[in-house]
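Notes follow the structure.
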Amino acid sequence: MNFSTYFENLSVPNNISGNITFPISEDCALPLPMIFTLALAYGAVIILGLSGNLALIIIILKQKEMRNVTNILIVNLSFSDLLATIMCLPFTLIYTLMDHWIFGEVMCKLNEYIQCVSVTVSIFSLVLIAIERHQLIINPRGWRPNNRHACFGITVIWGFAMACSTPLMMYSVLTDEPFKNISLDSYIGKYVCLEDFPEDKFRLSYTTLLFILQYLGPLCFIFVCYTKIFLRLKRRNNMMDKIRDNKYRSSETKRINIMLLSIVVGFALCWLPFFIFNLVFDWNHEAVATCNHNLLFLICHLTAMISTCVNPIFYGFLNKNFQRDLQFFFNFCDFRSREDDYETIAMSTMHTDVSKTSLKQASPIA
């Protein structure tokens, strides 16, 4: 994924991210009110992303009865979002507004790398959640993942994410090449962080591959899983309505799946503008007006980073006990286990047998 900030009115050697331009004209500078608005928006996302995901992680890990497959994957998703909040937002905002990199060569390589790892882990955490829901509802008598499987899956997706992101670490460089032919004193000793791929074709292939691996492919798979789930639940509810009143159980099942699907939809909508922006700009630099590039980039990037807040927001709105524990969290109170009345979001303990039109329950899900 291409997270580099591209600038205007200054040619770059062909071997550095392919004829990228840099802004040296004051006419292209963002107005102060716009900078203030962007900084305020980024700050709000950082605060919400940090506090929300940190609270969600602590609350789930603190409660033993919440340590099931779905919640383990939710914690992994929140940790990935937390990492993105720390590594993506502040560095990208400062870099884009300053038009040069001030954080050194190590952070230049790590910033690109960690951002790519984070989004890969996030989407594949959603894939694993979809698989768990699919097996639970579509094939309840077959194989179902347990906590050990969830931990193994998390290890695999982190390894896969790191492998996919390695080219960004390899080819991210700190260079002053773009500023060497500029006579302005303000650009002396300034550096930019760019992706220096060996060939333009390699960069385009890699960017397109990441779009498929990080966005299109996983979302298509998730869509198929949840479509099958909702069709099965609809048929099951129709059967149960004819036999007995099971409105409470049906509403709980519906609420849980709506929450999980909302997280997926939120992720997809937030990241779509950013992926489109990168693809369009990578394949045709002239498609984006030079003076509008930085503003469009920041808006698309900010929209993508809002996804780091989606997880705790949807989890909180649709889980009453999370709201209650969240109040304890911000009041620095101790969390105490409530085994009798604690609501868990996962249905991993529920066993269903649709063929006999019965519902057997090993332990409460709510």
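Each residue, glycine too, has its Cβ placed from N, Cα and C.
Predicted, not measured: the structure shown is a model, and the values here were computed from it.
Feature annotation from Swiss-Prot across ASN9, ASN68 places N-linked glycosylation site at ASN9.
Membrane topology taken from Swiss-Prot puts SER80 and MET107 on opposing sides. Between CYS193 and the candidates CYS108, CYS116, CYS270, Swiss-Prot annotates a single disulfide bond, the one to CYS108. In Swiss-Prot, the entry for N-linked glycosylation site among ASN15, ASN19 corresponds to ASN15. Among residues of the same chain six or more beyond the transmembrane segment (40-60), those with a C-beta under 8 A of the stretch's C-beta atoms are 66-67, 71, 74-75, 78-79, 81-82, 84-86, 89-90, 93, 302, 305-306, 308-309, 311-313, 315-316, 322, 325-326, 329-330, 335. Between the transmembrane segment (204-224) and the transmembrane segment (112-132), three or more CB pairs separated by 6 or more residues in sequence fall under 8 Å, so the two stretches touch.
Contact counts against the transmembrane segment (112-132), taken as Cβ pairs under 8 Å, peak for 150-170 among the stretches 83-103, 150-170, 261-281, 295-315. Counting Cβ pairs closer than 8 Å and at least 6 residues apart in sequence, the transmembrane segment (83-103) and the transmembrane segment (295-315) reach three or more and so form a contact. For the topological domain 'Extracellular' (104-111), the number of residues in each DSSP class (helix H, G, I; strand E, B; coil) is 8 helix, 0 strand, 0 coil.
Long-range contacts of the topological domain 'Extracellular' (104-111) within its own chain (CB-CB distance under 8 A, at least 6 residues past either end) are made by residues 3, 87-88, 91-92, 168-169, 172-174, 193.
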